[in-house]
Amino acid sequence: MTARSSLTIVLAAGEGTRMRSSLPKVLHPIAGESMLAHVLAAAPQGDGAAIAVVIGPGHDAVEKEAKRLCPDVAIFVQRERLGTAHAVLAAREAIARGADDLLVAFGDTPLITAETFARLRAALAQGAALAVLGFRAVDPTGYGRLLLDGSKLVAIREHADASEAERAITLCNAGVMAMDGRRALAILDKIGNTNSKGEYYLVDAVAIARSQGLDAVVIETSEDEVRGINTKAQLAQAEAAMQARLRQAAMDAGVTLIAPETVYLAADTTFGRDVTIEPFVVIGPGVSIGDGAVVHSFSHVVQSKLGSNTLLGPFARLRPGTSLGDGAKIGNFVEAKAAVLEPGVKVNHLSYIGDAHVGAHSNIGAGTITCNYDGFNKHKTRIGEGAFIGTNTSLVAPINIGARAYIGSGSVITRDVPDDALALERSPQTTKEGAAARFRNAKLRQTK
């Protein structure tokens, strides 16, 4: 059987004024990715799958994000806000290509899943001309009601127009819709604007399809999956729902989350086997964690790689570009940025390792700082394998510390150190016998 082609149109033209933000609504992040990114990730992918995004005038940032995520995306601009059907028809050029399945989604519903899109498409494959996504609302007030005759959808009744009996219905319209792509324009072009707002409503497609002798059906999903986001409070609710989903997926994959509700994950976080995450850990985008790794409490990780059997934290921070080799350890109050730590490296306490490459099995003592910035440019620190850096050491980059070299505690190292060398840089210690007693006695006499 030949695979069905698809066109997914994502409506992202809204201003999002209730967000009270200069950032376009669909670009607000959920689990480290924009809302738009989540919707596009759920849309059908691969051969025969096309994506179009409808944006508002001047929404260059939304266009840029869409193209970052899907280089082949088609961008269409809805010049006037005249309703959802009008927005869909902004992509007329793409619709006219006649994909088998036309999907209409919204850029502010980031919890939509690929499985739900697949179920909508399956309904079309089984002969429906229209499949509308519905949900059972806890409080249906304000939602359009889905009116059924047996298994067929006969109408979508807006709340304001619904009778008392219809308002008692809890099956509500989510807005997401699938349509027979070959019949889509014939249906959409029939939608009029004879209503109080003079707008073209996509929900009218149901009545038009039925008037053409075509079947419409409802596909049900959970209310959480289709919850739209219009305010920062709703954004927080969506974040909570997404985090619950990500935590459950991680635990299902074998990750131990000791206090799941306190751990924050990104949508693209990947885990190996037997990973343990302690409470109050934040994992941002671009993080992979290898087999047997342990992330202790109050650690923060972004765009970093943790190898197998690594230990991180507590109170550790990994910034972008950091890679921990197998068995490496980053301890408490250590920050690493753009640093490669080879297998077995230990940085146990109170250190900053930035723009650095640390060779295997090196030991970095407490209070070590790689001084990587001269006020204008960042510079590299290279530490060879098996090196020992004493406590309270400053390594002024650019600098190379040789393999198996020793750096004495309290040193400020400004020149390269060869392999197997010992480098010390500190003032000679001065000890004056009895001076403390003399100082103390003098102070006591002054207080009498």
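Quick reminder: no glycine exception, Cβ is built from N, Cα and C everywhere.
DSSP assigns H349 (active site, proton acceptor) to a strand. Summarising the annotation, Swiss-Prot assigns active site, proton acceptor to H349.
Taking Cβ-Cβ distances under 8 Å and a sequence separation of 6 or more, the neighbours of N230 (Mg(2+) binding site) in its chain are G16, R18, M19, K25, D108. Annotated UDP-N-acetyl-alpha-D-glucosamine binding site per Swiss-Prot: 11-14, K25, Q78, 83-84, G144, E158, N173, N230, R319, K337, Y352, N363, in sequence order.
What Swiss-Prot records for D108, N230 is Mg(2+) binding site, and it gives sequence analysis as the kind of evidence.
The annotation acetyl-CoA binding site is assigned in Swiss-Prot to A366, N372, Y373, S409, R426. Within the same chain, residues at least six positions away from S409 (acetyl-CoA binding site) with a Cβ under 8 Å of its Cβ are G365, G390, T391, N392, T393. According to DSSP, S409 (acetyl-CoA binding site) is assigned to coil rather than to any helix or strand.
The region 'Pyrophosphorylase' annotation in Swiss-Prot covers 1-232.
Look at Swiss-Prot and you will find 427-448 tagged as region 'Disordered'. Secondary structure of the region 'Disordered' (427-448) per DSSP, as helix, strand and coil residue counts: 12 helix, 0 strand, 10 coil.
Among the recorded positions listed (L11, N173, H349), H349 has its Cα nearest to the Cα of R426 (acetyl-CoA binding site). Reported as a whole number, the C-alpha separation between Y373 (acetyl-CoA binding site) and G83 (UDP-N-acetyl-alpha-D-glucosamine binding site) equals 53 Å.
Remark: Y352 (UDP-N-acetyl-alpha-D-glucosamine binding site) has V334, E335, A336, T368, I369, T370 as non-local neighbours, by Cβ distance under 8 Å and separation of at least 6 in sequence. Take the Cα of H349 (active site, proton acceptor) and measure to each of the binding-site residues L11, G83, A366: the nearest one is A366. According to its DSSP assignment, N230 (Mg(2+) binding site) is coil.
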